[in-house]
Amino acid sequence: MVLAHTSKVVLGCVAFGIFWVLAVFPSVPFMPVGRTAGSLLGAMLMVLFRVISPEDAYAAIDLPIIGLLFGTMVVSIFLERADMFKYLGNLLQWKSRGPKDLLFRVCIVSAIASALFTNDTCCVVLTEFILKVARQNNLPPQPFLLALATSSNIGSAATPIGNPQNLVIAVESGISFGQFLLGVFPAMIVGVLTNAAILLCYFWRYLNVEPADQERGGVVSTGPEVVGDDEVTSHRFTPARMSHVSSINPDDFDCVSEPIIRSASVNGDHLRSRSVNSNANAADADMQFSISIEDAPPSSPTDDEAAANQNGDKDKGELPEVVEKRWKVLVWKTAVYLITLGMLIALLMGLNMSWTAITAALVLLALDFTDAQACLEKVSYSLLIFFCGMFITVDGFNKTGIPNTMWELVEPYSRIDSARGVALLGLVILILSNVASNVPTVLLLGTRVAASAAAISPASERKAWLILAYVSTVAGNLTLLGSAANLIVCEQARRAQFFGYNLSFWSHLRFGVPSTIVVTAIGLLIVSSY
């Protein structure tokens, strides 16, 4: 493809440049409008400058990708409401054998969870919990935050639903869920283990905490006071654009429900109802039921017992109601997990990914038996709009002919039928993913890399797509700005109340550069041999 007319090339570069600046630096001083508005501005300029026609702009929006994103968002919201991420957080502490074991668990749990529930979601819901666990055990937060961010990125490379760029690759390439998993999963596992080993080596002396120090629970130099066990185990996940409560209220199966704390005690054969405790500061507390049963001694009743006996008939019916509501919650959670499992099985069977995710989302919404507005409001529509604008902007930039011209210069040296070509292709993807972001990189390079590989063999074409998926995802670990997951961990940690921590750009870069280079090199060897 030759370059377009000079005016079209110049205006297309201006529109794409504005989109790139606002996408990579959403808070630039001269126009702090954010990524979503930046993508819409880029799309609008492409149409106004007549780089792309309005009809072509509408056609550039990939609806299957938008549908797949929407479906996975809704499923993630219901999983968060069903306490899936709370259970994952508790798994991090279960029979932990020290700081190094805890760090290793963070790497494994965040990687596997990201492959199934997207990396951004896992980083949103696990950051504050990991911060609390680190403070509780008198440990520096930095290694655990880096473990969460980097392992989530690496883990998300294993499946088409792990991150947005993989969604694009799966839809554009036609690679099934199972083929994608088989091609990238071994590289992901080795990459996560390698990243964990580098973390342990890098922070070994910081993780050698004396047992006496841990028992004292003192204050570490990098943050404020350590929190207690009860505060950690009762921590609420409150991710932006997701549920504000992690478990549903048995009294109200709506998405947004005020939690109620009740306590009932049974004395002998009689039930005494205590007062309902409500606190404005505990608006995000879990529904807690504590029922203590004591054997009544054969003695004369006291005044309190006599008063309780007078109201016994009135209170006897409350215990069955409590049990019934708890069973409703259990059945609801089980249904959410089974529907999610069914969605994953359908994806592995090769069914259409977009409609599978949308169907699972609609079944969950119908199962709720309430107005779906409260749940749908938590979908990140700004991300969906960002993708629409980005599709139009990138398609307009492609019509200028610049991406094709640049690829023609590199293509003869980056063919995947040689080790040197694979290495050069990986380097190009790595650099471009950090310069232009990973999703635009996939949109710009995907079809070109696949077409070049298809000239070798059909198997090479699939291998090229998988290399693009793996490297563009792991490239996000290079710098703090490399992926949205990194920024989520950074912002969530900085804004955490009482136990906040600032993960700086340079502290991430010092670890990110060696880790990304090693993990990318090892992964390229595994994926290219598939």
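Just so it is clear, glycine is given a Cβ too, placed from its N, Cα and C backbone atoms.
Listed in TrEMBL:
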TRANSMEM  9-28  transmembrane segment
DOMAIN    31-475  domain 'Citrate transporter-like'
TRANSMEM  59-79  transmembrane segment
TRANSMEM  102-131  transmembrane segment
TRANSMEM  181-204  transmembrane segment
REGION    293-318  region 'Disordered'
TRANSMEM  335-367  transmembrane segment
TRANSMEM  379-397  transmembrane segment
TRANSMEM  422-445  transmembrane segment
TRANSMEM  465-489  transmembrane segment
TRANSMEM  509-527  transmembrane segment
Grab the same-chain neighbours of the transmembrane segment (422-445) for me: Cβ-Cβ under 8 Å, and only residues 6 or more beyond its ends, written as numbers and ranges. 20, 23-24, 163-165, 168-169, 387, 390-391, 394, 397-398, 403, 407, 410, 413-414, 416, 464, 467-469, 471-473, 475-476, 478-479, 481-483, 516, 520-521, 524, 528
Relative to the transmembrane segment (335-367), which of 9-28, 59-79, 181-204 accounts for the most Cβ pairs at distances under 8 Å? 59-79
Counting CB pairs under 8 Å, which listed stretch among 9-28, 59-79, 102-131 touches the transmembrane segment (379-397) the most? 59-79
Hey, which of 9-28, 59-79, 102-131, 181-204 has the most Cβ-Cβ pairs under 8 Å against the transmembrane segment (465-489)? 102-131
Sort out the residues at least 6 away from either end of the transmembrane segment (9-28), same chain, that have Cβ-Cβ distances under 8 Å to it, and list them. 3, 34-35, 37-39, 41-43, 45-46, 49-51, 389-390, 393-394, 396-397, 399-402, 436-437, 440, 481
Under an 8 Å Cβ to Cβ limit, what residues of the same chain, 6 or more beyond the ends of the transmembrane segment (59-79), are close to it? 52, 85, 117-118, 121, 161, 164, 167-168, 171-172, 242-243, 255, 336-337, 340, 343, 353-361, 364-365, 375-376, 378-380, 383-384, 387-388, 391-392, 394-396
